[in-house]
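Scroll down for the structure; my scribbles are underneath it.
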Amino acid sequence: MAGSQDMFDAIVMADERFHGEGYQEGYEEGSSLGLIEGRQHGTFHGAKIGSEIGCYQGFAFAWRCLLHSCATEKDSKKMKVLESLIGMIQKFPFDDPTYDKLHEDLDRIRGKFKQVRVRVSFGS
Amino acid sequence: MKDSLVLLGRIPAHPDSRCWFLAWNPAGTLLASCGGDRSVRIWGREGDSWICKSVLCEGHQRTVRKVAWSPCGNYLASASFDATTCIWKKNQDDFECVTTLEGHENEVKSVAWAPSGNLLATCSRDKSVWVWEVDEEDEYECVSVLNSHTQDVKHVLWHPSQELLASASYDDTVKLYREEEDDWVCCATLEGHESTVWSLAFDPSGQRLASCSDDRTVRIWRQYLPGNEQGVACNGSDPSWKCICTLSGFHSRTIYDIAWCQLTGALATACGDDAIRVFEEDPGSDPQRPTFSLTAHLPQAHSQDVNCVAWNPKEQGLLASCSDDGELAFWKYQPSEGP
């Protein structure tokens, strides 16, 4: 019931209109797919980090139990290093992916774990 | 300039292999060399010639990349591609391996003793720098594992008087570390080189650091303490290091090693173009903007890449060098008196 003016308008602008609608649909679909992919990516990498740090923490807890009696001065030195690692892990903000020192702190934890591993595995 | 560096003698130190590094003992009487043949050799002077006094061949399964004497001269550390560092104790002409430090994940590239004799640093292709503490019973304990570099760490060096550690890496930077509350932290990153930094040397005063790189330049860095009169900004209580001089256009290939003579202040470089060069600071040059001149250039000092140069700590002008051709050479440096 539109005038002949609108009918031609509809035909002439059809290309641009379909382009716009297509873009909009694509954008929305892309956004929701992106959200899903991002979530999977985050879950995967977050789990990897969690698993790695969890492993260090478990190792430290186990050795802390083993050295619990602190028989020698060497043992108490080892204990100090273990507590240092446990402390670093406990202070780490696991629920904040935007933490600005994330990678720096992770590297420090990894370094501390390597040191702990060498310290506890040698000597009496 | 041609006559400034005179050959005193040449020895096939590690035949059919590469000679990677040299280290004079603190007394200047012995020279340790190490190589691709997995051995460490100790050279001593007998009259006018240098003879091999000991061979330490049972310590490592792969190339020995660096050796370092303890400040007391009784111990020698050797860093190897087999991922271990051996500590050898000297008993007259014999050396006994007393400990093997393990922990690095792959090739250990360098080892260095702190001037106090209580600390040792190692670095590796695994991108980490390890600090070890030695106690009175010769027990070594790892006190820190530093993951600051993002690539292979090529060299570590302690400051001559402060408890400050420097490292050079394939990531194009030099990093400095100090102790903070029972742990070691990276307190400065020196950026400027455009490629791998291969080696480092402190000047006799410890106020300046020289670095040499695959980018064919030598850079001189100066330490500025907080509140310095030159107005160089510092981060809290940490000193700042600024590049005060760049020596470029002198070397045609990678510069693998640099040595700063503690007696005279002369700077020697070992280059991939088989040459040895010596630089001296121009008298009267501004301490904040020093200038250095090339005082010796010996092309074909060796038949292949020169890997190391080392000034004798007691005898002025005595320089040792070694190369991929397996040879060790001794040189007398005498800057020509002239207008």
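Heads up, the Cβ atoms here are built off N, Cα and C, so glycines get one too.
Bear in mind that TrEMBL entries carry predicted annotations, made automatically and left uncurated.
Sequence annotations record features per position, and here TrEMBL assigns repeat 'WD' to B:22-43, B:57-89, B:101-142, B:146-177, B:190-221, B:299-339.
In summary, the repeat 'WD' (B:22-43) does not lie against the repeat 'WD' (B:146-177): fewer than three C-beta pairs, each 6 or more positions apart in sequence, are under 8 Å.
Panel annotation: around the repeat 'WD' (B:299-339), residues 1, 3-24, 26-28, 31, 33, 35, 43, 50, 253, 256-264, 266, 268-276, 278, 280 of the same chain, lying at least six beyond its termini, place a Cβ under 8 Å from a Cβ of the stretch. Here the repeat 'WD' (B:101-142) returns a mean pLDDT of 95 for the predicted model.
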